[in-house]
Amino acid sequence: MRLYKRYVDMIVMTNKEGKLKPLYMIWESREGKESFRIDKILDIRKASSQVGGCGLLYECMIDGKIRNLFYERNRWFIESYHP
Amino acid sequence: MWDRVIVHADLNHCYAQIEEMLYPELRKVPMVVGGNEKSRHGIVLAKNDLAKEFHIQTGESLREAYEKCPHLLVIQPHYEDYKYYSEEVKNIYREYTDKVESFGIDEAWIDLTSSQRLFGGDPIAIAKEIQMRVYHELGLSVSMGVSYNKIFAKLGSDFDKKMGFTVISKKNFKDVVYPLPVEDLFYVGKATTNKLKDKGIYTIGDIARSHKEYLKSFLGKNGEMIWYFANGMDVSEVALSDNERMPKSIGNGITAMHDLSTFEEAKDVFRVLVESVASRLKDRNLKGSVISIHLRDNELNSYTRQKKIDIATNISSEIMLVVEQLLQENCLGSCYGYLDRPYRSVSVCVSQLADDSSHVQLSLFVDENQRQKEKKIDRAIDEIRNKFGFEKIKRCCMEIHRELTNFNPKEDHVIHPEGWFKSL
């Protein structure tokens, strides 16, 4: 299945050391906005994305599925199955 | 463990590759990053592999490129992205050593001599690790040359442009380097190549086997230098990462929106350039005493004229005065107010730089109070521009030829040219 690059709004916690922890992802669609909780962060590493761009990859568990969230310079995108 | 480990890393087709990394679909079509044709910067800055198949060359005009490939996709350059990602690549290099010397935006020498033991002791494995990290973390491919001097390292990285990896050691350099044509050697350009070929010297091996004095006799000191290069005797150091060299000159130039035909047009364009140069000099606390102008006419013939002044300066009005004199003496045509021919691009440069804070002998014949006032005006303009933006203050004359003077040379796309001799 083809993946798309979708920039998303995020709710993120910045801790005292300046590290970022994504808490919720806000998904916008025709039906409106929906927030998804980041259940678990499995891995954090620098990586390039197959949908273009690179940055800090947060491999996350969202809604029971593994998803790749990228922090690219100053914004977030997700490798999405929906354009 | 090697006595000396120098790696040269080259981000291939830098601009095009960064665009492809950000937008992978560009890999499927012939694409070039090109300047703006309307503002007459319409040349190919970088090309992707598919464009290369159509024999499109970097530096040729977009018109020529379209002739070779009518369905060519031309992307406008995004210099901020290129600077950001090329710096990210260099940040990876800097994790391995403090000796990373940039050579332009996309190339760098990395000296692993002192740190090879820290990372396992095998220089080839370390260089490969760096190459793979750049690929996985940033999605960019760099070609690498690993050698024991900077010249052979660079030669190695030019060997294979597609994420190549070439090792030129003291053992194999004669087999690898000697059969290569002379023009592959660093600092052998078109003119030197022709001179060497006239003397029957065709390969780098031929240079190495020639007598040093013989090369010097017809190439001057460059002949001696390329003899050392060819024999692998280059011992120049890789500069430390935070080592900022003193500039030898500060200049700005522009290809105008349309050819400059009158003296007033040329003067207005030069004024914008001079303001930028004066401001950059003051930022670095420098002043200069040689002012030169460079002009290129619409048939691409170019020439430079320069003038030495008695009192070194960084005041825009003083620099502008000299520029006007140079223009009047060299470029005025027979028809009043017109230049001798239409000019396509112009630049101004201030050299023989000195520290602005040092004590100076005042001249009896110059009103120093007036000079200081002019300097204060320059500073005030710079402050306003820094705080509120470049557009917020300008001289009224800039409104006359707005299409020509509507640019900011200080901030727009600043790529500094690199030379080898700075490191010697």
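Cβ coordinates come from backbone N, Cα and C, glycine included.
According to TrEMBL, the domain 'UmuC' annotation covers B:6-189. Annotation source TrEMBL lists Mg(2+) binding site at B:ASP10, B:ASP106. Annotated site 'Substrate discrimination' per TrEMBL: B:TYR15, in sequence order. According to TrEMBL, the feature active site maps to B:GLU107.
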_Using CB atoms and a 10 A radius, I'd like the single residue among the recorded positions B:ASP10, B:TYR15, B:ASP106, B:GLU107 with the highest neighbour count._
B:TYR15
*Using C-alpha atoms only, work out the spacing between B:TYR15 (site 'Substrate discrimination') and B:ASP106 (Mg(2+) binding site) and round it to an integer in Å.*
9
*May I ask you to report the DSSP-based helix, strand or coil state of B:ASP10 (Mg(2+) binding site)?*
strand
*Hey, how far is B:ASP10 (Mg(2+) binding site) from B:GLU107 (active site), Cα to Cα, in Å?*
5
*Which of the three DSSP states, helix, strand or coil, fits B:GLU107 (active site)?*
strand
*Pop the mean pLDDT for the domain 'UmuC' (B:6-189) in here, whole number is fine.*
92
